[in-house]
Number of protein chains: 2
Amino acid sequence: QGTRDHPPAQTVLRDRLLAAVVACFKRHGAAAIDTPALELRETLTGKYGEEAKLIYELQDQGGELLALRYDLTVPFARYLAMNKITNMKRYHIAKVYRRDNPATTRGRYREFYQCDFDIAGQFDPMIPDAECLKIVHEILSDLQLGDFLIKVNDRRILNGVFAICGIPESKFITTCSTVDKLDKLPWEEVKNEMVGEKGLSPEAVDRIGEYVQLHGGLELIERLLQDPKLSQNKLAKEGLGDMKLLFEYLTLFGITGKISFDLSLARGLDYYTGLIFEAVLLQQENDHVEEPVSVGSVAGGGRYDGLVGMFDPKGRKVPCVGVSIGIERIFSILEQRVKASGEKIRTTETQVLVATPHKHLLAARLKLISELWDAGIKAEMLYKKDPKLLKQLQYCEDTGIPLAAIVGEQELTDGVVKLRDVATREEVRM
Amino acid sequence: QGTRDHPPAQTVLRDRLLAAVVACFKRHGAAAIDTPALELRETLTGKYGEEAKLIYELQDQGGELLALRYDLTVPFARYLAMNKITNMKRYHIAKVYRRDNPATTRGRYREFYQCDFDIAGQFDPMIPDAECLKIVHEILSDLQLGDFLIKVNDRRILNGVFAICGIPESKFITTCSTVDKLDKLPWEEVKNEMVGEKGLSPEAVDRIGEYVQLHGGLELIERLLQDPKLSQNKLAKEGLGDMKLLFEYLTLFGITGKISFDLSLARGLDYYTGLIFEAVLLQQENDHVEEPVSVGSVAGGGRYDGLVGMFDPKGRKVPCVGVSIGIERIFSILEQRVKASGEKIRTTETQVLVATPHKHLLAARLKLISELWDAGIKAEMLYKKDPKLLKQLQYCEDTGIPLAAIVGEQELTDGVVKLRDVATREEVRM
């Protein structure tokens, strides 16, 4: 349940998509690593907040207690700490596992690919952070997925908001989780959850509501920097200062048009410590709809400066910022697009079929195809001793093989091959 | 335990290796599929004989009982049956999981890549089988791993041998498992296991011993076809007839020089029904050793005509033959070779570093690098506001970046960039 086989046509399409993503990651100078799908259970413990219940655990069959990785970020942090690496730009494309309620039509699975790019190291503020947003912008533009919006926020700003609204610090993370639902639920419902389930005071929640419904650009940052209460909060002030710097850099990259500073963005995971962001595609089909509607997140990420330190025996920190591309949802969109276009995807790359026009020529076919393979030519033949020529040509048409190399008695005698263009039926002896 | 992280240099090398294998599979017209790493436990039950104890099971957290795939063959058979596919040539490269005693120095892990190529469908005998051996020959030759030998045998011949030696049919599979140890243990030890653990009669075992120590080529096949007892056994006769046909085809492929018909080859898995084979590298270092010594299996496979039927509700069979390339062991060899050669593997593909010669030029770097990325050029910059030029050039040398694009005040004024060849130190303004 919640997993799927990829038949050849899907695999070809997915490989195309991943190639585009990898090209972007390489363009930004990242190296690839690979880590096991299995991690020690204790490695994953305490990293995912309320989502921890979705971790797949392995049966205790003796030996270490294991679990399947939930994302690629925690394994990356574990890798950095284990190898004492303090500086690295890496990408990683691999499957992750979540015991979630699958919604396969919307591209939500229990086993799915993640495509992560992360920058680890102590650097000047917001330069790597800006590059992560540039990468999201490049990939979504390259794939021509239509209009999109990248929402950005900062955990320090959110925590500052919570603090000045009177939320106790012990409830920051759980309040974050609830705020994060604002992209799916109206404010009233989110408010009810905060007051009912989370036990926050209605007055505090109303004050939060005034902030988290704000979104805008540089002018909003400036306004909040002047906010009498928020500007008194050390964390919020730092966050707003960095957000301003980020917008400066994004202006130089020329991408602020697709960026929205959005105080409702919270993201579910525990480990974020600074910038957080999420990219959504905007619906365009209905021209009569006044405002573009979000059709879900296709990329997300943020800064997690504390995670590597959790794996270091001495707690040495390595600041990190990264982005994860939501390849499954993008794949669903591309797949629908290919279906709609009627494009027939070839699932093999065979260049030539080795064929014979009459019986008792299996040996000739085997000899010729062997020569072609040894010359690096992609060649197939039918696995029959005496196939009909028509069947062989039909196979070319069915599978898109452009050429047939035909050897009959006459060709064998003359020491030639008849090369046939399957589409035009033109033949040359060579 | 038994798993490993692949750092960037290993990942680059592994990607190179996999690319060579994929190129061969595509040359033979295979399409790629992908299946989940998770399978239902019942899918894996009863397919692996004594090795079943090595299957990783997932904890029962509610819902289906799951396990990690043990190989790519059983998932392929499940895929064919589920989708009612009766005809397919596919390759699949993915990780599999075995709770084995790891021997990581010899490339034996609990999580490792398999590279499988399989041909499913009802065809004329031994044509697809011969292609599988051709593929092994091509890959081991392409990778220049030194001398190798492909041992071939047939389960039907082995079963015939067991039958005429007086082994009850119920003990064929377990006898197979023990015979399979002949590549690691001397005959005396194998014999002891058969008599002691497996409870076979010493006389029967002695008779088996006479057969399973035979190996050769076409002349051995001819001799066994004349063997008064073996030629009376229906299965063995079929197997020997097909083996003769196989050698005919392999002669046309020109690869019989590396093929040995070896009656000691048995292979551990339950599901093989016909041809089985295994490729071993031959040690060459010590010229004084008389006979080349096997350094372990690097590819293996065989025919499994019954496996797909086990997943079909009506038991409909789809004959299959396939090969699995032992990529981890090959990888260990290539890695040692790279180490010995002192080749420095670049882990990134960055073409140019965007650099500045003095302070207050971060904006200029961000603008230029953004233009380069948008033009598809692989570019990096240091994530510092004011890095020293020397540090920037040092970074190029450390990571193998061939060019530095330098913008200073003068270049900004003139609207040019100074492009420096890092190795030669030559500079051009452009």
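Every residue, even glycine, has its Cβ placed from backbone N, Cα and C.
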B:Asp71, B:Leu72, B:Thr73, B:Gln114, B:Asp118, B:Arg267, B:Tyr271, B:Tyr272 bind L-histidine per TrEMBL; candidate in B:Arg98, B:Arg99, B:Arg108 listed for that same site: B:Arg98
Intrachain C-beta neighbours of B:Tyr272 (L-histidine binding site), sequence separation six or more, cut-off 8 angstroms: B:Arg155, B:Gly302, B:Arg303, B:Tyr304
Number of other Cβ atoms within 10 Å of the Cβ of B:Arg267 (L-histidine binding site) across all protein chains: 22
Cβ contacts of B:Asp71 (L-histidine binding site) (under 8 Å, same chain, 6 or more positions away): B:Tyr48, B:Val96, B:Gln114, B:Asp116, B:Ser324
Number of other Cβ atoms within 10 Å of the Cβ of B:Gln114 (L-histidine binding site) across all protein chains: 19
Protein Cβ atoms within 10 Å of B:Thr73 (L-histidine binding site), excluding its own: 26
